[in-house]
């Protein structure tokens, strides 16, 4: 809940007296670098900083090691060439640009692709238990829309294994960490960031973090949707919204990746609705069938079949369901039972275990799946050589940032981005020689106004619970900003969003600041901000490209080879567009060479 106005300087005794009263209400922590978010991106950034001698504090909304990273199951990309020696970083970059429909920032793409072979070897040396080839090399599997086998993996729990490795490495370096801390505001005067206001969810106390530099690594915003692959309290737009309210620009918000294969709630129970069935199932040869038993991807993508780009496969499944060829539970079938049962158990142990707990033997029968909101390509606009935003001393990394993925993300690139760019940001910040800061008086007053607003929020006694508004927001986004969009729906969505904002004036928050109602009330404001950006971005982009599909503009438009950006205006979100630079000559050569996956290796 951001304060109404950026602060001015304190002008005298009344502010000082107020400060004397207020300061007894909160804890103050001063640190050279504050990292907000404790998934792979935040952890890798902090490791680099501490390893280079910079005092750093990581704060996370949940317990240490319990981050959304653990849901990135299938693998992490890097052109090691373990099985396909002809693969290299330029082909990885070319595949990423093609999958992103060339809206990616080429510097971002090339930085990640170049870094990943060394990053994989580093994770291996730190203890990540990657699957191995017969001769001991890091094994790599097929993933959708990739020219070669470049996805390294730990069964189907790769994200969990990598986060375990990063947490263990951070602990070995004594990286300081505070868990169960909800950051509610960044302290910014519109030009520079000075720290953050937060609530300790274990005791409800306010915490004022004073920092020389702030790194936001707090995930994306896929939980704007009712069917999403993360837990309900993750990816609630915290990171992008915090940075935007501080003055950073947002970019590419219209591009939301709907993973083709989420679990079907009507079959497996609402607790499992939308939860990810990893792309590794298709990477290991899984096949998609409609209710009539037709392997329908032959009609949509006869060359790449189930391993075409995620947007292609997701739209194909959505069309099968919409046109009446789905299951009675509203899905399609994903079947890997034609593979040897022991092979499936070895390569997909988490999927085998999960479905077995629900009474399904995936080695012998199909799973029911449907598209689910999984990843948000958009986020904060950054300089990809450093991770810096337009706000001095504010940096963003991981899914909170935009640029690597363009209009659609290549599977296996999310984990790659976290470790590659975490290293870049940490290395750069260490070179800035951060110091323990003090807080200007005006900023102290700003922080205290934010805390007063949070106090008021926690005691709201209206009639509408925040969870109810979040549910209505998700219904709105599912209906009007989903896989298939059009102008009428997007305008209706914006109107409904306006009505939802009005209803926030009648909030009722039960319990105190340690309760879920309070947290939901805080993140509701984040979610409303990003939902508006998604709807407005989709309305502005009058074409179809990647994960953004409009039935009223159902083809790509060369004139829209541009990014849509948003900046906080005086009365709302102001948008502008920006052209996309050209890739390097090396990557252009790889694009011209035209590598492409031979899917039929898996047949």
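Every residue, even glycine, has its Cβ placed from backbone N, Cα and C.
What you are looking at is a predicted structure, and each value in this text was computed from that prediction instead of being measured.
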Labelled region 'Disordered' by TrEMBL, one stretch among 1-21, 22-42. Can you tell me which?
1-21
What does DSSP call residue 310 (active site, proton acceptor) in the simple three-state scheme?
helix
Within 10 angstroms of the C-beta of residue 310 (active site, proton acceptor), the count of other C-beta atoms across all shown chains comes to 27
